[in-house]
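Notes follow the structure.
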Amino acid sequence: MIVPIVLFLTLCPSELSAWGSPGDPIVCGVRTETNKSIQIEWKEGRSEKLCQIDRLGHVTSWLRNHSSFQGLIGQVKGRPSVSYFPEGASYPRWSGLLSPCDAEWLGLIAVSKAGDTDMIVPGPTYKGKIFVERPTYNGYKGWGCADGKSLSHSGTYCETDSSVSSGLIQGDRVLWVGEVVCQRGTPVPEDVFSELVSLSQSEFPDVCKIDGVALNQCEQESIPQPLDVAWIDVGRSHKVLMREHKTKWVQESSAKDFVCFKVGQGPCSKQEEDDCMSKGNCHGDEVFCRMAGCSARMQDNQEGCRCELLQKPGEIIVNYGGVSVRPTCYGFSRMMATLEVHKPDRELTGCTGCHLECIEGGVKIVTLTSELRSATVCASHFCASAKGGSKTTDILFHTGALVGPNSIRITGQLLDGSKFSFDGHCIFPDGCMALDCTFCKEFLRNPQCYPVKKWLFLVVVIMCCYCALMLLTNILRAIGVWGTWVFAPIKLALALGLRLAKLSKKGLVAVVTRGQMIVNDELHQVRVERGEQNEGRQGYGPRGPIRHWLYSPALILILTTSICSGCDELVHAESKSITCKSASGNEKECSVTGRALLPAVNPGQEACLHFSVPGSPDSKCLKIKVKSINLRCKQASSYYVPEAKARCTSVRRCRWAGDCQSGCPTYFSSNSFSDDWANRMDRAGLGMSGCSDGCGGAACGCFNAAPSCIFWRKWVENPSNRVWKVSPCASWVLAATIELTLPSGEVKTLEPVTGQATQMFKGVAITYLGSSIEIVGMTRLCEMKEMGTGIMALAPCNDPGHAIMGNVGEIQCSSIESAKHIRSDGCIWNADLVGIELRVDDAVCFSKLTSVEAVANFSKIPATISGVRFDQGNHGESRIYGSPLDITRVSGEFSVSFRGMRLKLSEISASCTGEITNVSGCYSCMTGASVSIKLHSSKNTTGHLKCDSDETAFSVMEGTHTYRPHMSFDKAVIDEECVLNCGGHSSKLLLKGSLVFMDVPRFVDGSYVQTYHSKVPAGGRVPNPVDWLNALFGDGITRWILGIIGVLLACVMLFVVVVAITRRLIKGLTQRAKVA
C-alpha cells in the first residue's frame, strides 16, 4: 500500500547566481545552501522535489509575475538527472520545452495525489524511486513515499530504503512515466472537442475504459492492462487518445519565443523587455535582431538587455482527423485500459431443448432455446445442409436416398452463438415400402414390388402398342397409295435409265468374254486344272449366311450380367501373420504382426479383417467403419497474417530548428526516427521513414524562408491483435474419417490422409491409399484460422515469402507474437501497401491493404467453392474438409500395419441356431441390402455368413438377438442358400426376398453425397435388363418364356373379349335404331 505523505518544499531565496555569457545555454543558477525556514503552500500527497525551469518560454515573465516567490529555481544536477520511462525519451533533448513538472510550476497543469482507484502502470523499475508521476486519461497523478522509504520494484508499496535521505530529493529518485511536452494551448469549443472524442472512439473501438474512465460502451471487458498511446490535452475533462496524427512546429515573433536578460545579472525588467520587442533598444542574436531590429548603439552595450531565441522547435500544432489544435500538452505514455472481450462461440454441447423429428425424405430440427443459424445433417453417406432463422427447420436429403434404419448426426449453430452436436435415429421406408406410386418411373424399375399391378400394366402396354402398330400400318398404307400417284413419273424415268444401263453393261461383258475365250483356247489344260480346284473349294464353302441373331441374346446376357463387390467387405487374414500360445481359461493369446490390405468401402459401411487360427473354433474381426471420404488440404509452410491497419505520421520543422539545420539531414534513412517520434511508435515495428522539403517563411510559421523539413513515417500496426494462421495448400488429397474397432472391442476415431500412416494405436496403424483428384479453382486456396476464436475460412493467398498485393498474405510473419506487433525482424511486407502523399505542412497516407477479416467473412466455413462444399471438422490437424457436390468416384484401399496387436481366441465352441427372417434394401446400389438374422448363441463370438453373392462377419452376443448385417447383391429376386459359421458351429440358412433398384441420388437444395469409391457400386439410371426380367417374370429363361407367352395369351383373350363385347354393343344399338 502506498503511504500518502505531506511534505514541504525546501526553498531558498530566488537569487540567480549566473546567467552565463552571451550565446551560452541559459541555466538558472542555484545557491548551495538551503533555507528550511521558508515554506510555500504544497499539495497533499506531493513529495519533496525540485524542478528545473531553464530556457522556458515565459520564464522571465513568470519570475517577474511571481516576484514575491522565495524559492529555489532550477535543480542542482539539471533535468537529465531525472529518470524517464521509456528510457531515452526525446523531450529532454529540447531544453526549451516544458516537462509536466515545469508546466505545473507555470500553472498550466495540476498534478494531484493518486487515489485508491488510480493504478500505477507495469513496466518501469520503481525500486529506489521516491516520487513517480504519470499522465492519466483525466489528469496527472503522483505517487510518493515518506522519508527513508522508496517504492518497491513493482511500485505497489513503499519499503524502507536506508540510502534515501530526507530533504532535497535527488533527480535520479524522481521518475516520469511517459513523454510529455506542454505549452500554453488554445482552448477548443465543445463541438470540436466532441468531434475529437468521436474520432478517438473510432480509432480505439475495442477499448472500453482508460484509467477507469469510459471511452466506449462494452458488454464485456477485460481486466486493466497497459496500453501505450499518444494523446493531447486540450484543457477539457479528459485527454484525447490518438493513433494516426500529424504534428508541425511553428515559430512566432512574440515574447514567448525569446528570453531577455542582462549578462551576469538576471532577467530584464518588464519595461526593458517591451522596449526590446517594440523599439529594438537592446542587442541580441541574429534571429532576434532580424525580427525586432537592434539599434547599432546597443550592439556594443554589453550591460544592456540581450534577447535570444529559445532553442526549441517552436509551438506544436497537432492535426488529428483533419482538425488542427494547439494543445496544452502533447504526449505518449502508458495508461491502463480495459479491452472489449468478444463473446467466443460457445463450446460444442448437447443442444438443450433441441430434438429431432423424422419426416419423409429427411428430418426436422426443433430448437426451443434459440433460432437455428445453420446446420449440417448426415445420414449414411448422404449429407444435407440448411440455413435456418426459425426454431423449426426441415432438412431434406436426396430423393429416395434414405431407406431403413439410419443414424443421424447433426452439427450446427444457433443464433445466440452456441454450437451443438447430437445424434438421432430415424427409420425410413425400406425396400418396396419406399415405393408408393403407381405407373411411375419407380414402378417400371421395380415390378417385383407390384405383384398384381405389373400384369395389368403389361396388358395395357401391349394393347396400346398393338393399337399404335395398327394405326401406324394404316398410315403407311395411306402414304403408299398417295405415293403411287405422286412418284409414278419418277419411277418410269428411273426404270428407263436402269434398262439402258443394263444393255450397256451386257455389250461390254460380251466383248470381255470373247477376249477371254481366245486366251483360254491356248491354255486349255491349265484352265481345266483351275476348274477342278474351284470345284473343290466350293465343296468346303459356307452353306449359308451366319445367323448372327442367334448369338446376340447370349452376348447381351454376358455384357449385362455384372457381379458387384460387397458393400461390407470381408478379408481373411493370413494365418502366418498370427502367432499364438496357450493361456489360462481355455484361451489362446495371439500376437499379430504384418500388413494387410482392406478394400475401400463407402461412408457408413464397414470393412472387416477376419482372424482365425487352425484348431480354434473362435474368430475375431478388426473393423474399419468409414464415416466420410473427403478432400483435405495438404499444407505447405504456414505463416501468420495480422489484421493490419495503415498508419502514418509526420512532423514539420522550420529551417534551423532541431534536425532541420540545413534541410533534410543525410543520415535520415528509411529506418530512421525523428526525435518527435522517439517513443510514440515501436522502433521494432514494420515501417518506412523519409524526409522531404516543406514550405518555409513567415506564411508557414517559420523565421527562415528556406524550405522546412517534413519528416514522415508510414507503418502498419495491428490494433485489434487479431492474427490469422494461413496455410497454403500444396494440393488437395483424399482423406477418410474412420472408426477403428479392434478385436478386443476398443474403438478409436482416426483420420488417415492419403499416403500418411496414422499414429500406432494398440499395435495398429492405418494408411489410406486414395487416388488423386483434381478440381478446377482449388489450386490457390489456403486454409485460414483465426487464432483467437478458431474461425476458419478458405481463400486465395500468397505463397510463403511472396508478399504480393491483392491477396491474403501481403504481410507475412513467422510467429503469432510477431504478427500481433508486426515486428520488422519477424515479418515481411510490400512497402507499396501504404502510400504517402506529401502536402504543404504534412504528409497523408492511403492504404492498399487487403482486409483479412473481410476476406475471411466472405469465405467463412461452411462455404461452397468450385462445386465443393467445405465444412469444419472436430478432429485432426487439418480442420477443413471438402465434399464435392457432384457425385465423385475415387479409388482407394486401406493398408493396415500390425506391430504386435494382441488377440485372444477362445478354444470353446459356441452353439448357434437361428434363421434369416427378412432381407430388404436395394441391389446394385451404394447402400446395399440389410439381412435380418435371428440367432441364439451360447456365448459371445463372431458370426460369419457366406452366401453365393457376398459374405460378411458380425459380432454375436450370448442369448437370443436379431442382427442386421449388410450384404451386396446384384439381382432383384434373392433365393440363395447361405452358410453361417458361429463360433465353430456351422449351419445352413435359406435367404429369400426381393430387393429394389435404387437410382443415382437426385439432388435437392443444400443436399450432397459424400465422396465414394468407384469399386463399390453406386446405382445407375436404369436397371440391368436381366435383373428387370427376373423381377418381372422370375429367375430363369423358362420363366421368362412362360411369362411372355402368358402375357400374350392374356392380351389375345382380352382382345377377343373386347371385340366381342364391342360387336355386341354395336349390334344392339343397330337393332334399337331399326325398331325406333
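Every residue gets a Cβ built from N, Cα and C, even glycine.
Quick caveat, the model's predicted, so the values are computed rather than measured.
Over in Swiss-Prot, the protein carries these features:
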type     : residues  : note
DISULFID : C28-C51   : disulfide bond
DISULFID : C182-C329 : disulfide bond
DISULFID : C208-C218 : disulfide bond
DISULFID : C358-C426 : disulfide bond
DISULFID : C378-C383 : disulfide bond
TRANSMEM : 456-476   : transmembrane segment
REGION   : 544-566   : region 'Internal signal sequence for glycoprotein C'
DISULFID : C633-C729 : disulfide bond
DISULFID : C648-C845 : disulfide bond
REGION   : 654-660   : region 'Fusion loop'
DISULFID : C654-C702 : disulfide bond
REGION   : 695-709   : region 'Fusion loop'
DISULFID : C695-C700 : disulfide bond
DISULFID : C782-C797 : disulfide bond
CARBOHYD : N857      : N-linked glycosylation site
DISULFID : C912-C982 : disulfide bond
CARBOHYD : N918      : N-linked glycosylation site
DISULFID : C922-C925 : disulfide bond
CARBOHYD : N940      : N-linked glycosylation site
TRANSMEM : 1041-1061 : transmembrane segment
SITE     : K1074     : site 'Important for glycoprotein C and glycoprotein N subcellular location'
### Summary
Cα nearest C633 (disulfide bond) among disulfide-bonded residues (C378, C648, C782, C845) -> C782
### Query
Residues sitting near the region 'Fusion loop' (695-709): Cβ under 8 Å, six or more positions beyond its termini, same chain?
248-253, 287, 290-291, 309, 314, 652-657, 659-660, 663-664, 840-841
### Message
Here's one to test understanding: among the disulfide-bonded residues C182, C329, C383, whose C-alpha is closest in space to the C-alpha of C845 (disulfide bond)?
### Response
C329
### Task
Using all protein chains shown, find which of the disulfide-bonded residues C358, C702, C729, C912 scores highest when you count other CB atoms within 10 A of its CB.
C702
### Message
What does the structure give for the C-alpha distance between C358 (disulfide bond) and C378 (disulfide bond)? Integer Å is fine.
### Response
13
### Message
Nearest by CA distance to C329 (disulfide bond): which of the recorded positions is it, out of C218, C654, C797, N918, K1074?
### Response
C654
## Note on the structure
Expressed in Å to no decimal places, the gap between the Cα atoms of K1074 (site 'Important for glycoprotein C and glycoprotein N subcellular location') and C922 (disulfide bond) is 63
### Query
At the Cα level, what's the spacing in Å between C182 (disulfide bond) and C782 (disulfide bond), rounded?
51
### Message
To see if you understand the setup: which same-chain residues, six or more apart in sequence, place their Cβ under 8 Å from that of N940 (N-linked glycosylation site)?
### Response
S955, V956, M957, E958
#### Entry: Secondary structure at N857 (N-linked glycosylation site), reduced by DSSP to three states
helix
### Query
In whole Å, how far is C912 (disulfide bond) from N918 (N-linked glycosylation site) when you measure between their Cα atoms?
18
### Query
Going by DSSP, is C182 (disulfide bond) part of a helix, a strand, or coil?
strand
### Cβ neighbour count within 10 Å of C383 (disulfide bond)
23
### Task
Could you work out which of the disulfide-bonded residues (C426, C633, C648, C922, C925) has its C-beta surrounded by the smallest number of other C-beta atoms within 10 A?
C426
#### Entry: Lowest local Cβ density among C182, C797, C845, which the record lists as disulfide-bonded residues, within 10 Å
C845
### Summary
Three-class DSSP assignment, K1074 (site 'Important for glycoprotein C and glycoprotein N subcellular location'), comes back as helix
### Task
For C925 (disulfide bond), name the DSSP secondary structure in the helix/strand/coil scheme.
coil
